[in-house]
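All remarks here apply to the structure that follows.
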Amino acid sequence: MRDVSRVCGERGLRLTPIRLRVLELLAEATIPVKAYDLLDDLKDGPGAAAPPTVYRALDFLLEHGFIHKLESINAFVGCHHPGESHQVPFLICDGCASAIEICDEGVADLLTRQARDRGFTPAGQTLEVHGLCADCSR
């Protein structure tokens with residue numbers, strides 16, 4: 001959270017109470033969280049939020065690199081390198097629903113290079129590998 005607060009201060013961004021609470025919920029989660037699960041969690045606490053408010057908070061956090069969206073399961077996770085511009089692959093366990101961020105820019109760079117070598121101009125990347133984590137494989 002300290003990193004996010006620092007980045008917001010450096011960039012002149014406003015980390016509103018709802019944005020902070022959404023970020024805290026994602027940081028506390030052990031598996032990726034869907035938007036409506038965040039809504040349910042927010043209903044239990046002070047300052048309940050409506051769906052548009054939660055989606056705006058998620059959009060802000062995504063836009064500024066504080067969280068990631070796992071497209072294949074339509075869920076969100078906190079970012080291990082908040083505020084940095086990067087596209088990272090994820091390993092998603094189909095057994096326990098855990099997600100592991102692979103912090104290796106080489107993978108994204110390789111895909112971009114391969115695309116450009118073929119005359120393709122990438123607009124973005126989503127690389128999510130589904131399978132079983134070490135615990136679920138046993």
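Sequential numbering from 1, following the chain as shown.
Cβ from N, Cα, C; glycine included.
According to TrEMBL, the protein has these features:
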BINDING   C93, C96, C133, C136  Zn(2+) binding site
Can you list, in sequence order, the residues of the same chain other than C93, C96, C133, C136 whose CB lies within 8 Å of the CB centroid of the Zn(2+) site? D94, G95, A97, S98, L132, A134, D135, S137
Same chain, 6+ residues apart, C-beta under 8 Å of the C-beta of C93 (Zn(2+) binding site), given in sequence order: A99, H130, G131, L132, C133, C136
Winner by Cβ contact number (other Cβ atoms within 10 Å) across the binding-site residues C96, C133, C136: C133
